[in-house]
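Right, one structure below, let's go through it.
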Amino acid sequence: MRLLTPEQQTDVYDAMYQGLKQHDDFVFGLHRDDIATLSGDLEGYYGALAANYLHGTINAELELVPDSGVVGALDMGGSSTQIVFLPQHHHHNQKQNQALSEDKDDEELETVCRNENPAVDDDYDTDTQSKEDCHVAQRDEYPRALQGEDFFAVSYLSYGADQFRERLWSTWIAEWQALHGTDETGKTCEAHLIPNPCAFKGYEAEWQGYTLVGTGQADKCVEEVQRHIPHPEETLEELGGNVVGGIEHPPVHGKFVAMSLYFFTLDTLRALSHPDPEAYEALNLSWPNPSIEELYNALDGLCSRQWQGDLEEIKHDAHPFTKAETLPHRCMEAVYIVTLLRDGFGFAPESRDITFTFLVDGSEVEWTLGMALAMRAEERFDQNHGMTMLEETSPGDKEDKLQNRASPTNNTHNRLSSSSTGASFVEDFRQQILANSAS
């Protein structure tokens, strides 16, 4: 939906609203402003909330659980990709913040301040401001919930797998036309066959009147992908201000959970790269926490496979998370994702900071869970302050609240303990939905 204009989105949602309201089987209470497009950044943030909740980093009130580390999130679909993480300065203060949230005595607080606060130096005993910053200001702030403002969160529209693939194809066709010339119809006088290093050997795809023929060259595919993903170590001056999606990001830091296509595609790489036995074994032994280098080394084992007589014969059951119509694109997707992680986001080749997963503790990692958590935390906060979401009067209020949920408000009253389980949260939320629909 984010690829459509606001006017087109409105037309779609108006029709959807009318259709749902008129349908006899639709029993939920629905207002027109309940239907809107979620921003990509917010989708990424909700994904991070879901990952941290299932990982046990936060409880159902979004409060940090002691002695746990916040994880970042990587998500990718067909149209966009999201990255969300705590920049390094937030991680540096995490131990201090948790200690301050546990009612430590003054001696323990002083130890924490000395060891974890970079602003406190050898003059700590005489540095009144440092003491106040650590003991007073921080004690006022914590305990605290995980908030959107803590994260670096960005969504790269058109950097999803499908959109990126089509951009590559269109680039090759434009360059082919420039090289060979075109006739009055805009087509080249040469045969309309263009080599595609990012597809399995022999696989043919039709695009804009041309046939792209797979050559299965992972190294060449990496070079083509790199043309659209500048290396993070290059300066903005060298790049002409052009970074991933035109957005500058801080250095990646901490542990990450990679979901959706990050998992589906790279699990395919793990399962089908056995033509290179050494790379295949290394990747499978390290899964689901492979290094970027191990992923990169396995690319040729996957991409060099033949389509006819090999993958085409097993396309319906080659991989449990890959449909037959999706399998032909897994080489390009794998090369794109590994190159994006290494040359776009800047993960070191030896890094094992990413866990590629579909389930965490038996539950699927999806942004919808994070959104439910954020909505629930906000509703409980409003109720504790004498407000409810049903008191909204302006049609735009709900949309504004939706966009503002990227910074969930602290709730220092009536909070759940860190032992709150996913089952209890889901049941509570289900009861709230039933109550709201009944009204």
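Heads up, the Cβ atoms here are built off N, Cα and C, so glycines get one too.
Feature list (source: TrEMBL):
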type	residues	note
ACT_SITE	E43	active site, proton acceptor
BINDING	G78, S79, S80, T81, Q82	ATP binding site
REGION	91-110	region 'Disordered'
REGION	389-423	region 'Disordered'
COMPBIAS	404-423	compositional bias 'Polar residues'
Task: Cβ neighbour count (within 10 Å, all chains shown) around S80 (ATP binding site) - done: 22
Open item on the list: Helix, strand or coil by DSSP: which one applies to G78 (ATP binding site)?
Closed with: coil
TODO: Would you mind reading off the Cα separation of S80 (ATP binding site) from the residue listed as 'active site, proton acceptor', to the nearest angstrom?
DONE: 10
Open item on the list: If I take the alpha carbons of S79 (ATP binding site) and the residue listed as 'active site, proton acceptor', what is the distance between them in whole Å?
Closed with: 13
Open item on the list: Counting only residues 6+ away in sequence within the same chain, which have a CB under 8 Å from the CB of G78 (ATP binding site)?
Closed with: G160, A161, D162, Q163, L261
- [ ] Select one residue from S79, T81, Q82: among these binding-site residues, choose the one with the most other Cβ atoms within 10 Å of its Cβ.
- [x] T81
Task: 8 Å Cβ shell about G78, S79, S80, T81, Q82 centroid, ATP site members excluded - done: G40, D75, M76, G77, S155, Y156, L157, S158, Y159, G160, A161, Q163
Open item on the list: Please report the Cα separation of Q82 (ATP binding site) and E43 (active site, proton acceptor) in Å, rounded to an integer.
Closed with: 8
Task: the residue listed as 'active site, proton acceptor': tally of other CB atoms within 10 A of its CB - done: 22
TODO: Measure from the CA atom of T81 (ATP binding site) to the CA atom of the residue listed as 'active site, proton acceptor' and give the result in Å, rounded to a whole number.
DONE: 10
